[in-house]
């Protein structure tokens, strides 16, 4: 493109004047050269070019070196006006080969310049153009024939500003954000562009809108500056952009930088979340308070009236606009009516904090107190007094029910028992010992139940017998025993009195034989004769009064225990079973229980088990065997009669224990020939027993006539102690038909009877109830004569009987027991030629002790006469 030379010279002069001396360009020299070129061009109409290029681009400076026909180029020289000597040359003058010699001033282009002669037009190519390349260039071409040709051009290399920065009013460089500013304030900013060719023009924009600005130029620092004042600021200006743009040339990109406006805002609102519902005391709540519009996020504090609450947590929304504070708090009933306050403020704002408040309504479980009636003294309430309590309640919401407890157990109203409940009051009519203890009341409302502290009601009462005392003492003659009498009394300061009573006499126990320890009195007692067996009566007295009903202790002659009964098979399985029996009277002494298992045919002892209770588990019985089982009780005086069971262990595909089907927890035996034969023998035995009963009834009738003259009555505290009348000995009444324990009386060929002597006895109504297998007639003392036996012809005859032995027990004097051997079952029981008749206790007792739980001789039963003991002095 051809441009008028004068215009180009003026433009170049203005451009070069701005360059100054930075790149080694002498402004004055440049102007002089421009004048020279102008004069030169006036005489020479050579073309003049202007070339523009961005820094770094490759620049092509044209120079038309095409010669006229018949002519040749011999030399090309390039000049830049700020240089007085050529900066590049192409020399084709020397040599026949006409090879061009190239030369470049390395201080100007280095190796960046290259002349392309073969192009049309030929041109000087400058790679990676620099600001220093800007200037006026001249190309001189020498021909062989034609005149020298010159062409001129202006090269302008365009450069962007080196740096553009924004500074605040304090001169601090800001690259991203300015502020923070408060609402209503103004922003003062300055934008500075350093460098650039040609110098840039600066423009300010708010978002995309151009705003007014002031501009100035700093020639010394080769920079352009522009300032703005923006405001007043509002909430909507937050995070808006202020942009400064530098525009150097239409071919160059716009260079810009921007900052965002940061602002502070006070909170716009605050509120306690949730309805103003009532809160429960003692329950933890997480309450929320929310504030929005604060920048930076609002600070939220919690207050209860004037007291600040801690234990809060805060969360802020992602945009920072909303803050939520959580208060974890437990209220109690004293907080009712107070104000819960939530406040929000901003540290950088001077405005008054915003607040929201809530008047607390606290619900709580009833607070309960129990009080005794005002007319009553808590420590002076005697049995028979009417007592009333009041239940005082403080509750919100109001209660709907009141319950009463006695020793932590519910106490319902019961008018027939003197328990009256009305509203919040409890009335106890005619209290007694059982009425004492801890009383409390429970009040209920929608929040739950509140229980009062217990109030101890201490009832003063006269002594009464303590429960679970030993009532029967089995003692041998001349044997010492300590009889303990324990009473319950309030107050516990008591005095004791003991009385011995039998059917003949009543004796006060001497004080020197009585030892008292608190509520327990102990008498050391030694029976010397039959008359020393009877009843000891113990009474006590305290400040309330005398004991109404005495404590009764029976002193009986110690003897063997009664047999067990009601044996049943339980928990049967393929390999084990359990036998459970009911224990009989223990003979006045501690007893143990023994189970023996023997082979039915060989009599070999297979198993022996001793237990505190009549419950035994068998787990090692061999299949295919028939066993006979003996169960008996034992104490220091000997063993009871044995209860005999049989069990057949059946061998089958799976080994099973066969003891018959269990019905109603009782065992039924397998119907074997042995059992069939036993049942037949039972029937025969019953017939024999009937004959014995008829004989005994006749004897008892005679005995009743003898003893009637000695009967008398003696009253102590309205308790009757009298001689027991004789009872008929009815064998049938004592036996029970039991499918698993089949009792049979051992028959004797002869039975002799003699007169029965009645000794002093204890009132029958207070003595223990005996087993059905005992032959007791009241508490008569029996002496037994062994004089006959029965012979079994063979082992099969003996084994054909399933036997429960029958015992004739003794009462207040000695006796002897008829026993089947429970340890060794003999193949046969031999006929006995001996006949025993014991007319004294010592003889019978010696025979009993030497029996050692084994009946080695079959003995008949007869009754011998023992004379009545005369009245004597007490041995207590």
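In case you wondered, yes, glycine gets a Cβ from its N, Cα and C as well.
For reference, TrEMBL has these:
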DOMAIN    56-155  domain 'Ig-like'
DOMAIN    161-255  domain 'Ig-like'
DOMAIN    266-355  domain 'Ig-like'
DOMAIN    366-458  domain 'Ig-like'
DOMAIN    463-542  domain 'Ig-like'
DOMAIN    560-655  domain 'Fibronectin type-III'
SIGNAL    1-24  signal peptide
TRANSMEM  612-633  transmembrane segment
TRANSMEM  669-696  transmembrane segment
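Taking Cβ pairs closer than 8 Å, the transmembrane segment (612-633) reaches residues 561-564, 567, 571, 575-584, 586, 591-601, 606, 639-651, 655, 657, 672, 674, 799, 822-823, 825, 853 in its own chain, all 6 or more past its ends. Broken down by DSSP into helix, strand and coil, the domain 'Ig-like' (161-255) contains 3 helix, 51 strand, 41 coil. Per-residue pLDDT, averaged across the domain 'Ig-like' (56-155), gives 88. Taking DSSP states H, G and I as helix and E and B as strand, the domain 'Ig-like' (56-155) has 3 helix, 44 strand, 53 coil. Shown for the domain 'Ig-like' (463-542): DSSP residue counts in helix, strand and coil, namely 6 helix, 45 strand, 29 coil.
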